[in-house]
Amino acid sequence: MCLSMLSPQMQIICCIQTLLLLGAQLALSIPNNFFYHDFRKGNGKKEIHFSGVKLHVDSPQPSVFAVTGDNVTLPCRFWYEPELSSPREPRVKWSWQPAGGGHETDVLVAIGSRSRSFWDFRGRVQIRQDFPGDAALVMTNLMLNDTGRYHCEVVDGLEDESISVYLDLRGVVFPYQHPRGHYHLSFMGAQQACEEQASTLATFSQLFQSWKEGLNWCNAGWLADETVQYPMTRPRVPCGGDSLAPGVRSYGRRHLHLHRYDVFCFSSTLQGKVYYLQPSHSMNLTEAQQTCQEDGAEVAKVGQLYAAWKLTGLDRCDAGWLADGSVRYPITRPRRNCGPSEPGVRSFGFPPPQHKHGVYCYKSGDE
Ligand SMILES: *[C@@H]1O[C@H](CO)[C@@H](O)[C@H](O)[C@H]1NC(C)=O
Ligand SMILES: *[C@@H]1O[C@H](CO)[C@@H](O)[C@H](O)[C@H]1NC(C)=O
Ligand SMILES: *[C@@H]1O[C@H](CO)[C@@H](O)[C@H](O)[C@H]1NC(C)=O
């Protein structure tokens, strides 16, 4: 407000106006008897004084891990200090910012026992209210795309306090290439490819975690934040040179339509069961589809095979068809004649559909 290019006299006038404005704000607050002060603490907790009473909000658990299909509780509680003689019903609002960025959207708003939920969260969320000040969000039937930062905001009059709880899924990151070949996917195509294989675009933190667990992949793939990266644990010449340190290498953000890469997908859950079937004879792709159908199942998707491998330890040294027309097999206990010495899902790529193999079927889960 007090611009230095103004003359000294003008600056003084300007500054007096600022003081008057501040005075007016102060005067406004006095009739309501509010003393307003924001203490920011290093640990992310915030406190506000009003009428000598402080509203506190915190969460005993700043991040929550789950698998899809779970019911989860995102903890959040509020209290007043000193304790109030009569109970108050502040407004509690939960909002969500998807993993990988994007707009924050409302999840639920509640006052006392009344609440309203929004969007895909409708009917799946409620406030727990197990004790006074319990504002934990209970979410049922967790979906792959529910991950991200959840914001618990408590509003009481002029007081407005909030904390964040991160929701992440236990699962597995896998590199995926389009059936038509290497580096074939735009960002939208990558998103679709993951969805078709019962998975979602991996986030950077999921890829980073997988890299720490040993994921070594030489082809660059899209991530949820629209960047293109690849994880290297053993640098070598065809993968950017052997002089570079191991790490997750990034090409940065790429053009969403023009640039084409592979993709890193993320799969969680198993609400169903993945199993190998091989009748007396091997099957081409059409016969494999029929065989699973006749068994009351469908051909497993790549994300389902990876989840079964990682989360339930599926181990089978037999190559089988999958829904995308690829042929793979899952190994948790590496042994001779079953591929490399590390556990993994081995792939034979996309053979011609008339080739003969077994099949991995998926039966969805309540039985
Ligand atoms: C989640 O909660 C719903 C109802 O609250 C219940 O029917 C369902 O069995 C629960 N699911 C799990 C996986 O606990
Ligand atoms: C999340 O995925 C489900 C199906 O898997 C879909 O119906 C829903 O619209 C998705 N939600 C968002 C916010 O993308
Ligand atoms: C698979 O074999 C059946 C005959 O058993 C044949 O009718 C079908 O065309 C074959 N499909 C493919 C993709 O080769």
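For all residues, glycine too, the Cβ spot is worked out from N, Cα and C.
Automatic, uncurated: that is what TrEMBL annotation is.
Look at TrEMBL and you will find 1-29 tagged as signal peptide. Taken from TrEMBL, the feature domain 'Ig-like' applies to 69-164. The feature domain 'Link' is assigned by TrEMBL to 172-267, 272-363. The disulfide bond annotation in TrEMBL covers Cys218-Cys239, Cys292-Cys361, Cys317-Cys338.
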**Prompt:** Which chain-mates of Cys292 (disulfide bond) that are at least 6 residues away have a CB under 8 A from its CB, listed by sequence?
**Reply:** Leu277, Glu298, Val299, Val359, Cys361, Tyr362
**Asked** What does DSSP give as the helix, strand and coil breakdown of the domain 'Ig-like' (69-164)?
**Response** 6 helix, 49 strand, 41 coil
**Prompt:** If you average the pLDDT over the domain 'Link' (272-363), what number do you get?
**Reply:** 94
**Asked** Between Cys218 (disulfide bond) and Cys338 (disulfide bond), what is the CA-CA distance rounded to a whole number of Å?
**Response** 22
**Request:** In whole Å, note down how far the CA of Cys317 (disulfide bond) lies from the CA of Cys239 (disulfide bond).
**Result:** 29
**Fill in**
Cβ-Cβ distance under 8 Å, sequence separation of 6 or more, same chain as Cys338 (disulfide bond); the residues meeting this, in order, are Cys317, Tyr329, Ile331, Arg346
**Item:** Residue counts (helix, strand, coil, in that order) that DSSP gives for the domain 'Link' (272-363)
**Value:** 21 helix, 26 strand, 45 coil
**Asked** Looking only at the domain 'Link' (172-267), what are its DSSP counts of helix, strand and coil residues?
**Response** 22 helix, 32 strand, 42 coil
**Asked** Which is it, of Cys317, Cys361: the one of these disulfide-bonded residues whose Cβ has the most other Cβ atoms within 10 Å?
**Response** Cys361
**Item:** Cβ-based isolation winner (fewest other Cβ atoms within 10 Å) among the disulfide-bonded residues Cys218, Cys239
**Value:** Cys218
